[in-house]
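Below is one structure, written out as structure tokens; the observations come after it.
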């Protein structure tokens with residue numbers, strides 16, 4: 001396939017192969033190419049918005065169908081280069097953290113440096129490399145920060161298929177990877193989607209602590225622990241607080257139970273290595289952080305975006321779910337009066353602690369968490 005730019009003939013098939021090789025050299029584990037036609041995804045997106053499954057993420061409704069129209073983000077766009085990069089660290093310690101209610105569980109994608117800047121920088125370099133090769137090119141990189149349907153694009157580009165938890169799954173890598181896109185104005189040959197591999201499996205749906213996967217491929221964000229601990233700005237609904245357990249930032253349960261994640265690959269990026277203060281952290285220590293400490297520890301981290309107040313809110317809920325101890329109650333009492341939002345969650349947590357003390361309750365793991373820990377420890381999922 002030949003194409004001319006400024007009278008310079010280009011072999012687009014060869015260029016596509018070059019782009020994939022350049023992407024690998026830049027640290028991406030896979031590179032695919034697709035067109036911009038996402039019309040098939042528009043009805044499901046509209047239905048999801050109509051049901052208010054986006055919760056308080058008003059920007060999703062505000063952008064509406066623009067998410068399914070990449071060419072509106074960069075006029076002249078003909079193709080989308082979709083990439084993925086592994087983020088699973090070598091010492092993820094899923095099971096040991098989840099089963100110890102005195103520790104805080106942080107979704108493993110957030111243990112290291114914020115991925116947005118890293119991936120965007122690599123995508124920009126890829127765009128510049130293509131631009132240099134072609135002599136002229138319009139491009140724009142995206143990393144989970146603009147109104148674009150990155151998962152349908154990744155699926156069309158052959159990076160994997162959409163699992164019933166709505167994440168992209170890959171036969172050789174599971175789902176522990178980030179996605180990114182580079183919009184360009186070249187008519188490159190496109191890749192083909194891969195065959196779906198979930199079959200009748202519904203493990204992700206049944207393991208979800210809050211029942212957020214309301215039907216295959218559909219997540220009600222309002223019930224999702226990741227939404228509740230990251231996106232939700234106000235009070236966490238009381239019904240969900242006991243189900244959150246010790247998860248203080250995000251949740252990985254639907255990924256951890258997935259059989260395909262036995263093939264998950266470790267990251268090569270040092271920036272994604274866990275920060276010491278966030279790896280198997282003690283809840284009481286986390287709750288003692290001042291705002292200055294929080295900002296220092298989370299500098300350059302995705303966690304920083306929720307702010308100190310919501311961080312304390314999340315940790316307060318986890319302390320309410322922890323085994324009874326005088327130390328927990330003392331810690332909770334010590335932060336009363338700092339903010340009405342925090343006070344609400346502190347009062348709830350103290351009530352939970354007192355109930356456990358009065359009933360002499362020893363911490364009992366919820367059945368779903370017990371099952372998940374057993375699955376991880378048996379090695380069905382890599383407990384890196």
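Just so you know, the numbers here start at 1 and follow the chain as drawn.
Placement of Cβ uses the backbone N, Cα and C atoms for every residue, glycine included.
Residues or ranges marked as active site, proton donor by Swiss-Prot on the basis of sequence analysis: 144. Per Swiss-Prot, domain '4Fe-4S ferredoxin-type' is recorded for 186-218, and the stated evidence type is sequence analysis. Taken from Swiss-Prot, the feature [4Fe-4S] cluster 1 binding site applies to 198, 201, 204, 258, supported by sequence analysis. Annotation source Swiss-Prot lists [4Fe-4S] cluster 2 binding site at 208, 224, 251, 254.
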As a test of reading the model: what is the averaged pLDDT for the domain '4Fe-4S ferredoxin-type' (186-218)?
96
When you rank 144, 208, 251, 254 by Cα distance to residue 198 ([4Fe-4S] cluster 1 binding site), which of the recorded positions ends up on top as the closest?
254
Least surrounded among the binding-site residues, given as 198, 204, 224, when other CB atoms within 10 Å are counted:
198
Enumerate the residues of the same chain, 208, 224, 251, 254 excluded, that satisfy the criterion Cβ within 8 A of the mean position of the Cβ atoms of the recorded [4Fe-4S] cluster 2 site; list them in sequence order.
165, 204, 209, 210, 212, 213, 219, 225, 226, 253
What whole-number Å value do you get for the CA-CA distance of residue 201 ([4Fe-4S] cluster 1 binding site) and residue 224 ([4Fe-4S] cluster 2 binding site)?
20
Where residue 201 ([4Fe-4S] cluster 1 binding site) falls in three-state DSSP terms:
coil
Looking only at 201, 208, 251, 258, which of these binding-site residues has the biggest number of Cβ atoms within 10 Å around its Cβ?
258
Residue 224 ([4Fe-4S] cluster 2 binding site) falls, by three-state DSSP, under coil
I want to check the contact list for residue 254 ([4Fe-4S] cluster 2 binding site): same chain, sequence separation of six or more, C-beta distance under 8 angstroms. What comes out?
165, 167, 204, 205, 207, 208, 213
Pop the Cα-Cα gap between residue 258 ([4Fe-4S] cluster 1 binding site) and residue 251 ([4Fe-4S] cluster 2 binding site) into the table, whole Å please.
14
